[in-house]
């Protein structure tokens, strides 16, 4: 009873704090004045509080359930929210003396995942249950934690790529809207990318263009670093899952929906790294691949659970 009450308190504190953090972040975004520096510092401290609250929540659930809290969708969503908070903490410690724009990605991601986890859709999963026989293995912590941390990093990196595309093609989207022409081929994207590079070189001395150039380069660099980290986690998760599958089901790979989409996710981001090796395709083109990967991750992590079929059906749920 005590642990359940403590978990309930920590859940609501973390959700409330991260909600305040998002509000403060948007205030600092739209009120570009020196007076909001204190507000920004408060938002950073708020994310630290959120991180420790979610950590306490997971530890509490681990203690009273007797197993690592990654046995169902509710627990994995809380762990995913913790992963977003962890990424924010790492970036905060690295750029303690500078403004951390990554919070624009990590804070909304944390509140979205935790908000869904604590919603009425997953009420039946809020109470810890006895671990399913298929999950009673030492591989649970290794496999599932690596997969969820991989999802968290890949989602953050993909969202940074989406932001890069929005900044790069803001004028192009405006032109398309005015002409009511929504056909946007890859060739046009390549042409506009080359055109933007020419304009950048021509107006390099312009402070506005130079700031945009710096911002896009920073987004591209951070996206690559975070996606690289997520890809490593995803690879470790898939390999450890294959070993676990061989022990549990007698086969390293069974091509059930979860495994198939995990392989598709891995392939998409492998293509992303391939585009990074080609100087003609890096930047905007690699960001397009990463943006596509954002949707693929959600299908793999969340969409497959809606089917409720396959060897990973214990993580499914129904929208009742």
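A Cβ is built for glycine as well, from the same backbone N, Cα and C atoms used for every other residue.
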Look up transmembrane segment in Swiss-Prot and report which of 126-146, 147-167 it refers to.
147-167
Look up transmembrane segment in Swiss-Prot and report which of 195-210, 259-274 it refers to.
259-274
Below 8 angstroms Cβ to Cβ, which residues of this chain, lying six or more residues outside the transmembrane segment (102-122), approach it?
11, 14-15, 18-19, 21-22, 25, 29, 43-44, 47, 50, 54, 73-74, 77-78, 80-81, 84-85, 87-88, 91-92, 152, 155-156, 159-160, 163, 222, 317, 319
Other than its close neighbours in sequence, what residues sit by the transmembrane segment (259-274), given a CB gap under 8 Å and a spacing of at least six beyond its ends?
147, 154, 227-228, 230-231, 234-235, 237-238, 241, 253, 286, 289-290, 292-293, 296-297, 299-300, 303-304, 310-312
Other than its close neighbours in sequence, what residues sit by the transmembrane segment (147-167), given a CB gap under 8 Å and a spacing of at least six beyond its ends?
70, 76, 79-80, 83-84, 86-87, 102, 104-106, 109, 212, 215-216, 219-220, 222-227, 229-238, 241, 262, 265, 269, 284, 286-288, 290-291, 293-294, 297, 300-301
